[in-house]
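Single-structure report; data block below.
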C-alpha cells in the first residue's frame with residue numbers, strides 16, 4: 001500500500017488565472033493597476049487629441065481652440081465647460097447632451113472627460129509603481145514621489161473649480177490656456193505672494209538645483225577604472241564596487257560650504273523630500289484659493305499709498321497691476337457676464 005503525504009491540489013479559480021495573466025513577464029507589464037491605467041490614459045489622450053483637432057470653444061469661452069479653426073500647438077486647447085453648467089459632470093448620456101455627441105463637445109463635455117480620465121490615469125500610474133515595487137521587493141518611494149504631481153493635478157484641475165462657481169474657472173487643457181489660468185490666479189488671488197506658492201517654487205527650483213549638483217558631483221568623482229575611451233563605457237550594471245567616490249565628494253563640498261552630506265541615504269532622501277514637499281505645499285495653497293482664502297495683505301502700505309502720492313512699494317504696485325488684470329481680464333474671460341467698467345474705476349498707479 002502506498003501512502004501519499006501532502007496537500008491535495010486546490011482548484012484554481014478565475015481570480016488566480018487572471019492574476020497570473022496580469023502579472024506575466026512581458027515587454028509592457030500590465031498588472032492589476034493596468035486595468036485602471038491603460039484605459040484611462042488612452043481615453044484622456046484620445047479625448048485631448050480629438051478636442052484640440054476638431055472642437056471649438058466658441059460656445060463656452062467665445063474662442064477658437066482647435067487646429068481646424070487655425071490654431072497651432074501652443075494655442076489649441078480642450079476648454080472647460082460653460083459657466084452656466086455649474087459642476088455638472090457632463091456625461092454624454094446626461095440631460096445636457098442627451099446622447100448628442102456634437103452638442104456634448106460644444107458644451108465642454110470633452111474637458112470633464114479628459115480631466116476625470118486623466119486623474120484616474122495618474123492614480124493608476126502611481127498604483128503601477130506600488131505594484132511593481134512590491135513584486136520586485138523594493139520600497140515604494142517612487143510612488144510616494146509621484147503623489148506630488150497627482151496632488152498638483154487634482155488640486156488645480158478639480159479642487160479649485162469645485163470651490164468656485166463652476167468648472168468654467170478650471171484651466172483648459174492647452175499651453176496658452178494654462179498660461180491664461182496662471183495670469184487669472186495672479187490677478188484674482190495674488191498667487192505669487194502666497195506662502196504656499198513660495199514653498200512650491202522653492203521645492204521645484206531647489207529640487208532642480210539639487211539634481212544638477214548631485215549629477216555634477218558624481219560625474220566629477222567617477223573612478224578611473226578602465227582604459228575605455230570614456231568613463232561611461234567603463235561602467236557595468238552588475239559591478240560590485242562603487243562607481244564614484246563619496247569620500248572625495250564629501251571632502252569637496254566640505255571645502256566649498258564647510259558642511260556636506262556624509263550619508264548617501266540622507267542625501268537621496270533629501271533630494272526626494274525637497275521637490276515632493278514643494279509640490280504638496282503648492283497643492284495645499286491651490287485648495288486655499290479654491291476657498292478664496294487670502295494670504296498676505298499689507299493693508300497699512302495700501303492705505304499709506306492711497307494717502308501719499310509719493311509713497312509706493314513693489315507690493316502696492318503689484319496690487320494695482322492685479323486690479324488692472326481683473327478689470328481688463330473679466331470682460332474678456334467671462335463674456336457671458338457682459339461686464340462694462342467705466343473709465344474712472346480702472347486702476348491708475350501713482351506714477352501714471
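Even glycines carry a Cβ here, placed using N, Cα and C.
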Transmembrane segment according to Swiss-Prot, located in which of 19-39, 40-60: 40-60
Of the residue ranges 73-89, 90-106, 107-123, 124-140, the one that Swiss-Prot records as transmembrane segment: 124-140
The transmembrane segment (152-165) versus listed stretches 40-60, 124-140, 207-227, 278-294: most Cβ pairs under 8 Å: 278-294
Alpha-carbon spacing, residue 197 (chlorophyll a PD2 binding site) to residue 142 (pheophytin a binding site), which is rounded to whole Å: 24
Sequence-distant neighbours of residue 142 (pheophytin a binding site) in its chain (C-beta under 8 A, six or more apart): 129, 133
Distance from residue 117 (chlorophyll a ChlzD2 binding site) back to residue 214 (Fe cation binding site), taken between C-alpha atoms, in Å: 36
Long-range environment of the transmembrane segment (207-227) - Cβ separation under 8 angstroms, sequence gap at least 6: 233-234, 241-246, 248-249, 252-253, 267, 270-271, 274-275, 278
Listed in sequence order, residues with CB under 8 A of residue 261 (plastoquinone binding site) and six or more positions away: 250, 253, 267, 270
